[in-house]
Amino acid sequence: MQLNDLTISQLREKLASGETTSVELTKAFLARIAATNDKVNSFITVCEAEALAAAAEADQRIAAGNAAPMTGIPLAVKDIFNTLDVRTTCGSKILDNYVSPYDATAIAKLREQGAVIIGKLNMDEFAMGSSNENSAAGPVKNPWDLERVPGGSSGGSAAAIAAGQALATLGTDTGGSIRQPASHCGVVGLKPTYGRVSRYGVIAYASSLDQVGPLARNVEDCATLLGAVAGYDPMDSTSVDTPVPDYLATLKDGVKGKKIGLPKEYFIDGLDADVKKAVDAAIATYKGLGAEIVEVSLPHTDYAVACYYLIATAEASSNLARYDGVRYGVRKDEGEGLIGMYSQTRAAGFGDEVKRRIMLGTYALSSGYYDAYYLKAQKVRTLIRQDFLDAFEKVDLLLTPVAPTPAFKIGEKTDDPLQMYLSDIFTIPLNLAGLCGISLPCGNSSEGLPIGLQLLGKPFAEAEILQAAWAFENTTDFGGKLASL
Amino acid sequence: MKISREEVEHVARLARLALQPEELEAMTGQMDAILGYVDKLNELDTEGIEPTAHAVPMENAFRADEVKPSIGIERAQQNAPATDGSCFKVPKVIE
């Protein structure tokens with residue numbers, strides 16, 4: 001039996017029946033990581049000893065008959081989550097030696113359930129990137145084609161699943177950082193509504209946009225993991241105090257009679273032919289399942305990338321001010337006083353893309369430019385959010401491509417930051433609006449690369465988009481596959 | 001030009017980034033291109049539109065002012081580049 005070829009729900013049965021143990025499972029994943037990480041580079045830190053200890057504890061809990069849904073399940077998390085006594089670099093040289101003194105709430109919730117955290121996943125530095133090429137730990141390779149990017153910034157979180165190194169993972173999504181890599185790696189990834197999952201202990205990039213979410217091999221596992229981490233947290237005053245539904249209870253209810261909107265601004269000329277074909281086929285599948293397809297308009301879509309790169313960078317310039325070489329991180333001091341120490345530490349510790357975004361954000365917030373850039377962008381954000389709310393008056397969900405092309409080649413866009421930013425045109429608007437979305441496999445390109453489908457939902461309608469995603473997944477045969485490597 | 005090299009140097013000082021001359025050079029061109037792109041927001045009339053700072057409408061989040069356990073000095077300083085055992089040490093500020 002190949003343990004890493006199963007899903008969470010299948011493994012839970014095998015753990016309950018005693019057919020396998022968490023220790024055996026954990027060892028299988030650790031072995032797969034050891035055998036494949038040189039190729040994929042998805043893990044920054046592997047927590048072998050901690051994972052085996054947690055697995056042994058989980059086995060006792062299962063034997064005692066008080067297992068929770070995640071007990072004994074090996075998971076891996078993006079290196080953006082503070083994880084007690086484990087190195088947490090956020091993909092940056094400036095946090096090269098940082099060991100978390102506490103657990104993020106999402107991690108604490110998983111530990112309470114007895115999940116086994118097997119390691120910390122590679123990512124674009126401070127979650128800034130669309131290709132996972134901006135990591136101090138080196139680029140992640142797409143398991144389906146090692147010359148291509150896995151997407152970003154949660155590139156490690158998506159690649160590890162496609163490579164069979166983890167059953168499911170946690171990522172974060174600020175402008176598409178869960179959905180775009182999920183699409184490029186052929187896995188399922190969900191960006192919850194802003195406030196659905198606590199951000200406490202998650203290293204901040206752009207606080208009004210960042211959201212934690214699950215990635216998994218199938219929709220059901222994604223729903224299970226979301227249920228395990230969602231909920232109000234007094235430690236995050238932006239988390240929302242609304243009950244977490246049982247996402248599995250309604251998962252298989254189908255889409256008959258649902259109204260699915262196609263925003264015409266997402267079906268543009270620049271769309272890759274294979275992507276268009278796959279998404280068109282998905283639309284036909286939903287029609288066949290009894291959904292009603294309606295064209296809608298999100299008229300301000302074309303302004304989302306510009307709006308995002310002002311708001312996100314402004315927030316980043318403020319959030320990243322904390323990396324000053326005083327309380328943590330790698331200090332560089334050449335004896336030029338306190339401000340000299342700050343400036344040298346930051347110049348030496350941050351990579352090019354992070355510097356670029358701090359510079360842009362600092363500029364957008366600086367005296368004389370605030371109204372023209374930052375305030376203007378916040379007003380445009382209102383228009384973008386209103387577009388979605390208007391569309392959701394007419395339809396239950398929206399269906400779009402995730403990315404305009406399948407995974408591109410490593411190095412293809414590194415010299416042109418603006419081209420890289422434009423690869424996020426279909427994912428960014430959702431973060432500005434604060435709504436939920438899911439990416440799931442819907443086909444392959446002529447070169448065999450995965451293509452993703454995006455379903456967008458109303459505020460806190462995670463159950464509804466999971467339901468629609470499950471209906472598609474179980475009518476087609478695109479997802480759940482592992483790259484052989 | 002949307003931004004000059006001098007302005008980029010000024011922003012780098014504000015951001016506390018000791019950028020090398022070649023970094024400043026590259027940054028000027030890239031920021032110029034990006035600022036040129038974001039200019040498209042000016043195509044939109046936003047007169048009278050309220051700015052959105054936060055996607056979820058929120059009131060102030062109040063809580064009771066209660067003493068609770070905190071992380072402690074040892075944990076808080078475990079990653080510090082320099083301490084004297086209770087304080088973070090930094091280069092001398094006042095001559």
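A Cβ is built for glycine as well, from the same backbone N, Cα and C atoms used for every other residue.
TrEMBL annotations: computationally assigned, not manually curated.
TrEMBL has this to say about the protein:
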- A:24-466: domain 'Amidase' (DOMAIN)
- A:K78: active site, charge relay system (ACT_SITE)
- A:S153: active site, charge relay system (ACT_SITE)
- A:S177: active site, acyl-ester intermediate (ACT_SITE)
*Pairwise Cα distance for A:S153 (active site, charge relay system)/the residue listed as 'active site, acyl-ester intermediate' [Å, integer]*: 5
*By a simple count, how many Cβ atoms lie within 10 Å of the Cβ of A:S153 (active site, charge relay system), its own Cβ left out?*
34
_If you average per-residue pLDDT over the domain 'Amidase' (A:24-466), what number do you get?_
97
_Residue among active-site residues A:K78, A:S177 with least C-beta crowding, 10 angstrom cut-off_ = A:K78
*the residue listed as 'active site, acyl-ester intermediate' and A:K78 (active site, charge relay system), distance between Cα atoms, whole Å*: 11
